[in-house]
Amino acid sequence: MPSYTVTVATGSQWFAGTDDYIYLTLVGSEGCSERTLLDKAFYNDFERGAVDSYDVNVAEDVGEIQLVKIEKRRYWVQDDWYCKYITVKTPAGDYVEFPCYRWFSDEQEIVLRDGTARLPKDDVTQVAKQHRRKELEERQKLYRWMEWHPGFPLSIDAKTCKDLPRDIQFDSEKGVDFILNYTKAMENLYVNRFMHMFQSSWSDFADFEQIFLRISNTISEYVMQHWQEDFMFGYQYLNGCNPVMIQKCTKLPDNFPVTTEMVDCSLERNLTLEEEIKAGNVYIADYSLLDGVSANSTDPCTIQYLAAPICLLYKNLQNKVLPIAIQLAQTPGENNPIYLPSDEKYDWLLAKIWVRSSDFHIHQTVTHLLRTHLISEVFGIAMYRQLPAVHPLFKLILPHVKFTIAINTKAREQLICECGLFDKANATGGGGHVQLVQRAMKQFKFSSLCFPEEIQMRGVASKEELPYYLYRDDGNMVWEATKSFVSDVVNIYYDSDETVSTDVELQAFVKDVCIFGLNGNEDLGFPKTIMTRDKLIEYVTVIIFIASSQHAAVNFGQFDWCSWIPNSPPTMRRPPPTEKGVVTINYIIESLPDRGRSCWHLGAVWALSQFQENELFLGMYTDEHFIEKPVKNAMKKFRKKLDEISSIIKERNKNKKLPYYYFSPDRIPNSVAV
């Protein structure tokens, strides 16, 4: 009687084990085994982290093992079970691996394919084709599109995290509870005594230090010491929390009438402003997206304000980028003066504070929320709907969308919903953030997700013209490493452009992203089809880069750059001044957030800047969805390149007062999960 040895690995997460009955059926090319009970209740099988082996006897040889069917049946109380993988040793001594990495809930059964990645064309048997089709039919019932707000990218059809399929829920809800995390953060920062002091102003800038956690040799302390200086203001456009706003100024906008006479004292090359622009020394940051966005009105006791400034920047002879002119509204006129470094100290300082506040809103809502979180969710939902687990692209993309749908669902539940945490301290709360995403979507382009292309579009690609732009330099290194890895994997499975164009599941995936996830908006430039290997490599590189590296670059510096409230105010309590010469220190303090909002803001940027427990960083693929040696070699090569990049960045940062490490691969989580 032939005997098979079946090894079952249970996950190491909390509550991953089970006392339920587990049944297994082997499906081979020549027949099936009998349904075999592997687990007997309370025999200490399938405990958390356990690897258990069982003998399965069959009357006759079932042939080549094609499928493994696992069933969980309740013994006493409901408990979920997380199965990592199953390995089958055949009577001939061969081993067949069946990756699972899924939760079994209630009385559930799952049918697994072996771990070899296959395109649709590779499946020739009816059993394989039917399994592929059935898996997608079941997933499409679970993963449904929903429009959260008109004009938004579509999201998952779930009101709470508990409504999500079990496989994409967090292992522990406690770890991603925004309310709990923000409250804990404020306790850790010793600022909870100020939490409820809304409407109570600080007395001066030094008073903000009462809630500022000072840790020696950190960026945040350096920001506190130098935030009023023009070089620090300009530096943040290159390497701060939102280093995507600066672009080459090739012509002054008609609504920004800056003249040479205004800025002559800031220009260092004996050239006119027009000549400096032609020489490539002038840059601009325009916050027109904020023009007309409704300010937060959820608290009748505090009127809050927004502005839509334009800021002109100049690269001086020391290659520092400095602000030389600021206009706080989009329409020029007598009541909208252009502020200059030569103005009174507090006039110029408040103008810069307004720009920094506007930059915060664009960062949080557009750069961070829309361009990493929401877009990654679209890719994730489409992946689950259109790519079966056996598809190589599913295996490749899966680690980079892990927990993304869950964190976004939790955000819609607690953070950016009506009366959510976002309303407490942000001037774009109460609906302004929704308007901002809707406006940003009208300008959004797929090409802007391709890192080198986006850098080129803003005219900031040249290291010679704009040195010290570490966001660009490090980002290019990580992009190229990621693209090389994707290329290696894609070329293993796709031997020609024809293989790409005839992959019906790939085409369905790309179409689902464009037609459903993005509402068929052709203006966005997302492809409806992918016909070549080069385009496929670019597309998958975008998915992985946005979810891992781009998110890390714009998320994990929030405490560094935004914890000193005057450098990044989440709201302003007085309107922008309409004339020069009226601003005093008291005027500025009364404009900045009150004590309560400052504390909520500090708790938020602290919580958002923390890595998750047991974080998996870029290139760490602990779940072995791929079993093929060529792919494992590609992963090894990828990790080696990432280690080299981390070493380069670490060496460069030595003894730097302002180190830049947000693109360091050893600090880039695999997915958007915070």
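Along the chain as shown, the residues are counted starting at 1.
Placed from the backbone N, Cα and C atoms, the Cβ positions cover glycine too.
Not measured: the values here are computed from a predicted model.
What TrEMBL says about this one:
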type: BINDING; residues: Gly17, Asp79, Asp80; note: Ca(2+) 1 binding site
type: BINDING; residues: Asp39; note: Ca(2+) 2 binding site
type: BINDING; residues: His368, His373, His551; note: Fe cation binding site
type: DOMAIN; residues: 2-118; note: domain 'PLAT'
type: DOMAIN; residues: 118-674; note: domain 'Lipoxygenase'
type: SITE; residues: Trp103; note: site 'Essential for stabilizing binding to COTL1'
Of the recorded positions Asp79, Asp80, Trp103, the one whose Cα sits nearest to the Cα of His368 (Fe cation binding site) is Trp103
Ten-angstrom check, please: count other Cβ atoms within 10 Å of the Cβ of Asp79 (Ca(2+) 1 binding site), all chains counted. 17
Pull out the recorded positions from the set Trp103, His373, His551 whose C-alpha sits within 10 Å of the C-alpha of Asp80 (Ca(2+) 1 binding site). Trp103
Give me the Cα-Cα distance between Asp79 (Ca(2+) 1 binding site) and His551 (Fe cation binding site), rounded to a whole Å. 34
His368 (Fe cation binding site) has how many other Cβ neighbours within 10 Å of its own Cβ? 21
C-alpha spacing of Trp103 (site 'Essential for stabilizing binding to COTL1') relative to His551 (Fe cation binding site), in angstrom: 27
Hey, how far is His373 (Fe cation binding site) from Gly17 (Ca(2+) 1 binding site), Cα to Cα, in Å? 31
Could you give the mean pLDDT over the domain 'Lipoxygenase' (118-674), rounded to a whole number? 93
Looking only at Cβ atoms, how many others are within 10 Å of the one on Trp103 (site 'Essential for stabilizing binding to COTL1')? 22
Env. residues of Fe cation site, Cβ within 8 Å of mean position of His368, His373, His551 Cβ: Thr367, Leu369, Arg371, Thr372, Ser376, Gln550, Val554, Asn555, Val672
Rank the binding-site residues Gly17, His373, His551 by the number of other Cβ atoms within 10 Å of each Cβ and report the first-ranked residue. His551
Between the Cα atoms of Gly17 (Ca(2+) 1 binding site) and Trp103 (site 'Essential for stabilizing binding to COTL1'), find the distance and write it as a whole number of Å. 10
Around the C-beta of Asp80 (Ca(2+) 1 binding site), how many further C-beta atoms are within 10 angstroms, looking at every protein chain? 19
Starting from the Cβ centroid of Gly17, Asp79, Asp80, the recorded Ca(2+) 1 site, name every other residue in that chain with its Cβ within 8 Å, sequence order please. Phe15, Ala16, Thr18, Asp19, Asp20, Trp81, Tyr82
